[in-house]
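Note sheet for the following structure.
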């Protein structure tokens, strides 16, 4: 459900001082479409504020050019620092650290997700209190440091310790980015912006493969050639963290690249179409109320179904491609194309989702790609059907990116309370990521190079995710229809102000965004 995409040419003056925070502006008491494109807001003092497409388009351009590039580059390095072990493994990491031929690599991957899940809700709360624009760069500087320190590791235990702290530092990164973007973008604008941001993870897979290809050509250096990969990625992450701390705005009201009237416009846009109370003070008691809704638990189940394919592709794509018989150098190079097409498919589905204002059909389609990709790869003889098997790796990447973004957008669209939104996001994203523990342990050494049990298990979770998504979407449609009939009227989703969503399904006027 999205409110009408409307906003202001000529902004009338409002009897308030220039906003330095949301407390300087008044809550909207009514919303009236004054023309087909304009909307007039009336605040609690009776003052009027008109929103028009021209002013809104100008504001969006400024937000897009200032915020999205920074977030995309931050997430690119986040994804690189999290998934570079797969590349390093193909270049002799296990042998150099003395645990080749054991399952210690799987433990190494699994240990990352324990602190990831344990600390994500707490760092999410810290991000809500102090602001994502400050907490995100601090987290990034920390995980960049952990990545850089790999150069000093000489055994398995040292790498385990660094992976533990890396998991802590990265735990709430994606949830806070989602929450941060909901403070600037309306619901109908969010999916494609998050897709641009999240596409960085696919680009990271491609860039990581190219970077690994280059660094693995280094021979005779002071350290093993795979360690140069961690030196480069860790150093770049730390430098980017400093830039992000300087240039990310704390909020629209404190963005120095916006005019005073644009700050007011940014505030009222979000109040009408995203948050019931903009920049609401965090209250834990209010936040946990989201868990009283059974739909939240279904969302968490879908996150689990998403997590295993997502982590399997992220952590083991080099090994999956390696089964096709390529050399170490070519294996890393051949992971580039699937990741690039995954980013393209993510953008296509996200733009289609925003254009149609539907979420769950595109989430289900992504799960279906996952299922088909893993089933095809498992079923064919890779020696006789090399091209078909390689194409299946493309489908795997298509099906893991889009559901991750659109699922988070889906439930964020249905939660107007900022406390509940950041709390469920800080639970949902780590739940998907903790499934990396399962992925890490189903790709067992004794099953190499075929990994048939792991591939079949991943396909099964893709199928389950498809079914759960379709069922939840169908329920939301039926529930909206039942509410319309009970009230004796037929409302469009965009006709209902966001404030009516604040109390969740208990509200008489609540309408699901599906």
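Here the Cβ of each residue, glycine as well, is placed from N, Cα and C on the backbone.
Just so it is clear, the model here is predicted, and its values are computed rather than measured.
The compositional bias 'Polar residues' annotation in TrEMBL covers 18-27.
Feature annotation from TrEMBL assigns compositional bias 'Low complexity' to 28-42.
Sequence annotations record features per position, and here TrEMBL assigns domain 'Major facilitator superfamily (MFS) profile' to 67-483.
The annotation region 'Disordered' is assigned in TrEMBL to 1-47.
Under the heading transmembrane segment, TrEMBL lists 107-126 (among others). Through the fold, the transmembrane segment (107-126) approaches residues 82, 85, 135, 139, 156, 159-160, 163-168, 170-172, 175-176, 179, 282, 284, 315, 422-423, 425-427, 429-431, 433-434, 436-437, 439-441 of its own chain, all at least 6 residues removed from its boundaries and within a Cβ separation under 8 Å.
If one looks beyond the transmembrane segment (138-157) by at least 6 residues along the same chain, the residues whose Cβ comes under 8 Å of a Cβ in the stretch are 74, 77-78, 81, 84, 97-99, 104, 108, 123, 165-166, 168-170, 172-173, 176, 223, 227, 230-231, 233-238, 240-242, 244-245. According to TrEMBL, the feature transmembrane segment maps to 138-157 (among others).
Annotation source TrEMBL lists transmembrane segment at 194-216 (among others).
Within the chain, the transmembrane segment (228-248) has long-range Cβ neighbours (under 8 A, six or more residues past its boundaries) at 66-67, 70, 73-74, 77-78, 80-81, 84, 87-88, 132-134, 136-138, 140-141, 143-151, 208, 211-212, 215-216, 218, 221. Taken from TrEMBL, the feature transmembrane segment applies to 228-248 (among others).
Nonlocal intrachain contacts for the transmembrane segment (297-321), taken as residues 6+ away from its ends with a CB within less than 8 angstroms of a stretch CB, comprise 79, 82-83, 85-87, 89-90, 109, 201, 205, 209, 291, 331-332, 334-335, 338-339, 363, 367, 370, 374, 377, 390, 393, 396-397, 399-400, 403-404, 407, 410-411, 424, 427-429, 431-436, 438-440, 442-443, 448-449, 451, 454, 457-458, 461-462, 464-465, 468-469, 472. If you look up TrEMBL, you'll see 297-321 (among others) marked as transmembrane segment.
Marked as transmembrane segment by TrEMBL: 333-353 (among others).
According to TrEMBL, the feature transmembrane segment maps to 360-377 (among others).
Feature annotation from TrEMBL assigns transmembrane segment to 389-410 (among others).
Cβ atoms under 8 Å from those of the transmembrane segment (422-443) belong to residues 106-107, 109-110, 112-114, 116-117, 120-121, 123-125, 127-128, 171-172, 174-176, 178-179, 282, 287-288, 290-291, 296, 299-300, 303-304, 306-308, 310-312, 314-316, 319, 404, 407-408, 411-412, 415, 451, 453-454, 457-458 of the same chain, restricted to positions at least 6 beyond its ends. Summarising the annotation, TrEMBL assigns transmembrane segment to 422-443 (among others).
Feature annotation from TrEMBL assigns transmembrane segment to 455-478 (among others). Beyond its flanks by at least six residues, the transmembrane segment (455-478) meets 295, 298-299, 301-302, 304-306, 308-309, 312, 359-361, 363-364, 367-368, 370-371, 374-375, 377-378, 399, 403, 407, 438-439, 442, 512-514 of its own chain at Cβ-Cβ distances under 8 Å.
Distant neighbours of the transmembrane segment (333-353): 191-192, 194-196, 198-199, 202-206, 208-210, 213, 317-318, 321, 324, 326, 359, 362, 365-366, 369, 390, 393-394, 396-398, 400-402, 405-406, 409; these residues of the same chain sit at least 6 beyond its ends, with a Cβ under 8 Å from one of its Cβ atoms. The average pLDDT computed over the domain 'Major facilitator superfamily (MFS) profile' (67-483) stands at 86.
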